[in-house]
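A short write-up of the structure that comes next.
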Amino acid sequence: MTAPTAIRRLNAADPDFAHHLDHLLSWESVSDDSVNQRVLDIIKAVRERGDAALVEFTQKFDGLEVASMADLILPRERLELALTRITVAQREALEKAAARVRSYHEKQKQDSWSYTEADGTVLGQKVTPLDRAGLYVPGGKASYPSSVLMNAIPAKVAGVTEVVMVVPTPRGEVNELVLAAACIAGVDRVFTIGGAQAVAALAYGTESVPQVDKVVGPGNIYVATAKRHVFGQVGIDMIAGPSEILVVCDGQTDPDWIAMDLFSQAEHDEDAQAILVSPDAEFLDKVAASIDKLLPTMDRATIIETSINGRGALIHVRDMAQAIEVANRIAPEHLELSVADPQAWLPQIRHAGAIFMGRHTSEALGDYCAGPNHVLPTSGTARFSSPLGVYDFQKRSSIIFCSEAGASELGKTASILARGESLSAHARSAEYRIKDDVKGN
């Protein structure tokens, strides 16, 4: 008989609850000086030696015999071939998911705007897509085609001219679903490179890999470290932490459903976090029993158990109002409101990457095909960050057009402020445009 899981139990009424909650939520990515130095060395090599460095690192890290960079380029025809190599059901699922993701993100598009003042001055904002975006996709059999859709489609909807995907093929392992997803999502170019060297190539460009304006997509510690180092040279989406789910339940949902919802994030990796908050203590016991019952049936039981025991929790609260307070304190990546009337509580939710409303809305639907993006802020960063979206691939420029009368009137204000800052060139630049009949100073 399998031993019961050791998931921690917390009670919001305990005087030291805040301390225990802080301890539960604390997570720091591995800080490894040796990794940092290796990444810096790799970036330096790619900047100095370009394609030659990429070929060398691919041979070294991916175990491939590569004669030249030409061996690391996948033509569009190869992506189209992948569509024929997956099952009909898989292709239909990818196409349906892509259509829903595209439809949702179309609603996020921002348009340029302007307005004209009485004197003819025009002020506005010009929205422009990035020229080129780079998408990092983890390689091998563990890569996720859904991530290709979630990263590439918003870029294409935004109007990005070229989306460049990098995906390693360790020991020659090619994930046909990933390539098929790239084809459906409209990825323009694909290079079978990975690791810090791929991030460096996207950020600085090589003879074959074009330089991009922004790098998005998940990866291991080498990829994350490389993204930190190239930020500023290019934009990045985020440095993501472990996956998280917080379920707020009134105690009326099937406990097996809730246990499986917790598993859906815990199975990602040992550092993933799954938390249930409820005012019903007996319900927490029922979910604990469901966890013990269902865990042995899971393909990734060992990973789930490590995650649940190490970073999971069942939290008892006074009432639903306190449950919402705890949710806002945690600011989770995924928040399920598994309650009778989720709409009533929605206005009180301030911090969450994605909010799943009602008992029938499992987090897994958002991961794959609901439509909203599954690239979400983690580790409490939902306090100030948002899901990946079309706006991440667009930039805004301010538009200012001054009529003669407008320049004259604004010039008087600018002159006073500039001289107050002892910036006389600023002042005189504005003063030159003040009409003669109103100067007099």
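Note that Cβ sites are derived from N, Cα and C of the backbone, with glycine treated the same way.
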Which residue of His105, His316, His334 does Swiss-Prot report at the same substrate site as Ser243, Gln265, His268, Asp367, Glu421, His426? His334
May I ask for the distance between Gln197 (NAD(+) binding site) and His268 (substrate binding site), taken between their Cα atoms and rounded to an integer number of Å? 25
So which of the binding-site residues is most packed in, judged by how many other Cβ atoms lie within 10 Å of its Cβ, out of Asn220, Ser243, Gln265? Gln265
Roughly how many Å lie between the Cα atoms of Asn220 (NAD(+) binding site) and His268 (substrate binding site), rounded to a whole value? 13
Within a 10 Å radius around the Cβ, which one of these recorded positions has the most neighbouring Cβ atoms: His268, His334, His426? His334
Max Cα-Cα distance in Å among Tyr136, Gln197, Asn220, the residues listed as binding NAD(+)? 13
Rounded Cα-Cα span from Tyr136 (NAD(+) binding site) to Gln265 (substrate binding site), Å: 21
